[in-house]
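First comes the structure, then the notes that go with it.
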Amino acid sequence: MNKQFNLGLNLVTNKQTLKGRDLTETIEIALKNGADSVRLREKNMDTRSIMQEAFKIKEITQRMGKLLIVNDRVDIAKACDVDGVHLGQKDMPIKYAREMLGDDKIIGISCHTLEQALEAQEAGADYIGVGAIFPTFTGDDFVRVTIDTLKEISEKIHVPITAIGGINKNNIRMIFDSNVDSVSLTSAVFSTGDVAASTQELKQKFDMILKK
């Protein structure tokens, strides 16, 4: 099933990068200034807290016509009726996630090799996250993926690809030389002193590169 959706400039949350700011308020600022979607990724938060955040963020994303994806937790994605789930290689297999969520929901998965990406596509993934492309301090035991591997995956995979890991305003152009469809960002937005200005600058670069 081919779905029409736009991850675009994808925010990946990590409350530890917020420097005391409120998560929901910060997300709303970023969405108002050019971000296209949100992946709620809070590894150190309990189930109830993640659900509470998901419902608050969902109110914003629905009002603004943006996407909300929950990381890892198929059960939370289903309970909160968000737009989809992003799986890791050790999470629930795509087949069972699809059975739980239904055909209308978006299922993405992180991949580090072409073999993983091909397997995920065959299993019915709606998009594939590839990374970490650059060093990142927000991932748990992140696996580095080279630009060459990213290019190879983008050439062989027909579902949308989002690049993940350490992407910022200085290296974003390198990513789009690989013909990806989206970029997933954390520190480049959330760790800055001015979230609105940082998001605007990234969105401007994102749009300019896509038009070329």
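Every residue, even glycine, has its Cβ placed from backbone N, Cα and C.
What TrEMBL says about a protein is an automatic prediction, not a curated fact.
Per TrEMBL, these features apply:
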type	residues	note
DOMAIN	9-189	domain 'Thiamine phosphate synthase/TenI'
BINDING	Asn71, Ser110	4-amino-2-methyl-5-(diphosphooxymethyl)pyrimidine binding site
BINDING	Asp72, Asp91	Mg(2+) binding site
Legend entry - Per-residue pLDDT averaged over the domain 'Thiamine phosphate synthase/TenI' (9-189), given as an integer: 96
Legend entry - binding-site residues listed as Asp72, Asp91, least Cβ neighbours within 10 Å: Asp91
Legend entry - Distance, Ser110 (4-amino-2-methyl-5-(diphosphooxymethyl)pyrimidine binding site) to Asp72 (Mg(2+) binding site) (CA atoms, angstrom): 10
Inset, instruction - Determine the most Cβ-crowded residue among the binding-site residues Asn71, Ser110, using a 10 Å radius around each Cβ and all protein chains in the structure. - result: Ser110
Inset, instruction - Write down the Cα-Cα distance for Asp91 (Mg(2+) binding site) and Ser110 (4-amino-2-methyl-5-(diphosphooxymethyl)pyrimidine binding site), rounded and given in Å. - result: 10
Inset, instruction - Could you measure between Asp91 (Mg(2+) binding site) and Asn71 (4-amino-2-methyl-5-(diphosphooxymethyl)pyrimidine binding site) for me? Cα positions, answer in whole angstrom. - result: 10
